[in-house]
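Q: This is the structure I have questions about; it appears just below.
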């Protein structure tokens, strides 16, 4: 079966994303019940990092270990990637040795090239364009915190601030799943027109919507989720932090005043790390409506789902046939249930 990469969620259907959401939650519940299904037994993940990382690296390593696999950390300087050896050659070699590759890169072209030449699945751990593993973790988190009586497609999410790769990814996932997406940000820091078109096309298919605005009342009206990111990103070198502060503060700081404009049941999200006192106040990030810690935990939930989905072709075959999907889902559920019962009996 043709290998699949997880480089851009726009190459996946809404149904495939929903399947990964459900798969991630199901595995998470199994582990919380004490059973670690060996779905990645004898599989090895190679992790290429051109940048430092906390959540991405630890969640990927833990996901592989918990499901019976192994992860190798490939730091800058430890491997040849576009240096003395071409990306093509390195990718082909790693594809012969590893079962799956994850790459956190400076430029999106790099991970796209790795995906092109490696014969194994490649996962984008973040580029200057998007952050798809964050996308899946976020949509899982929103699924777990849906307002009473609402589906994802009934919800509105507001991204506050700069059009970072996390902002772009939030638009991609929200519009893919039929949500209403709003970016509340200043001119010059809004999603680029060519990228915006992708979100608009997603929304046209799913029934969602995309809005870019500088009007706080318009942005936050009836919002179910508020999301923000740092104002000084990894890839921004044109302006100093001081200059960016003048643009974003105080209008685009998520504080109690802004939150009060949203719905009564609104939840706050942040991909982390957060610069407290800048893009968000302590009062908001530490509030009872903040779900940032669940969001961080679900980075691992997402990694499990992605790795299992890509390394188990029968899951992808199930997408083509509801009958096969139902059969596999029933067998998987029975396996987990029996394993948990066996573990309890052993205890």
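Placed from the backbone N, Cα and C atoms, the Cβ positions cover glycine too.
As annotated in Swiss-Prot:
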type: SITE; residues: 28; note: site 'Important for structural integrity'
type: BINDING; residues: 53, 54, 55, 56, 57, 104, 131; note: carbamoyl phosphate binding site
type: SITE; residues: 144; note: site 'Important for structural integrity'
type: BINDING; residues: 270, 271, 272, 273; note: putrescine binding site
Q: For the recorded putrescine site formed by 270, 271, 272, 273, name the remaining residues of the chain with Cβ within 8 Å of the site's Cβ center, in chain order.
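A: For the putrescine site, the extra neighbours are 55, 229, 230, 274, 292, 296.
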Q: Does DSSP put residue 28 (site 'Important for structural integrity') in a helix, in a strand, or in coil?
A: helix
Q: Within 10 Å of its Cβ, which one of these binding-site residues (53, 54) has the largest number of other Cβ atoms?
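A: The residue with the most neighbouring Cβ atoms within 10 Å is 53.
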Q: Quick check: with 53, 54, 55, 56, 57, 104, 131 left out, which same-chain residues have Cβ atoms within 8 Å of the centroid of the carbamoyl phosphate site Cβ atoms?
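A: Neighbours within 8 Å of the Cβ centroid, excluding 53, 54, 55, 56, 57, 104, 131: 49, 58, 59, 60, 125, 126, 299.
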Q: Distance between residue 53 (carbamoyl phosphate binding site) and residue 273 (putrescine binding site) at the Cα atoms, whole Å?
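A: About 10 Å separate the Cα atoms of these two residues.
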Q: State the count of C-beta atoms found within 10 angstroms of the C-beta of residue 144 (site 'Important for structural integrity'), not counting that atom itself.
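A: I count 15 other Cβ atoms within 10 Å of it.
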Q: Could you give the Cα-Cα distance between residue 131 (carbamoyl phosphate binding site) and residue 271 (putrescine binding site), in whole Å?
A: 10
Q: Among residues 53, 54, 55, 56, 57, 104, 131 annotated as binding carbamoyl phosphate, what is the maximum Cα-Cα distance? Answer in Å.
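A: Binding-site diameter by Cα atoms for carbamoyl phosphate: 14 Å.
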Q: Looking at the recorded positions 28, 55, 57, 144, which ones sit with their CA no more than 10 Å from the CA of residue 272 (putrescine binding site)?
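A: If one measures from the Cα of residue 272 (putrescine binding site), the recorded positions that come within 10 Å are 55.
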Q: For residue 56 (carbamoyl phosphate binding site), which residues of its chain lie six or more apart in sequence with Cβ-Cβ distance below 8 Å?
A: 104, 125, 126, 133, 299
Q: Find, among the binding-site residues listed as 55, 104, 131, the one whose Cβ has the highest number of other Cβ atoms within 10 Å in the structure shown.
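A: Of 55, 104, 131, the one with the most crowded Cβ is 131.
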Q: Pick from 28, 57, 270: which of these recorded positions has the biggest number of other Cβ atoms within 10 Å of its Cβ?
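A: Its Cβ has the most other Cβ atoms within 10 Å: 270.
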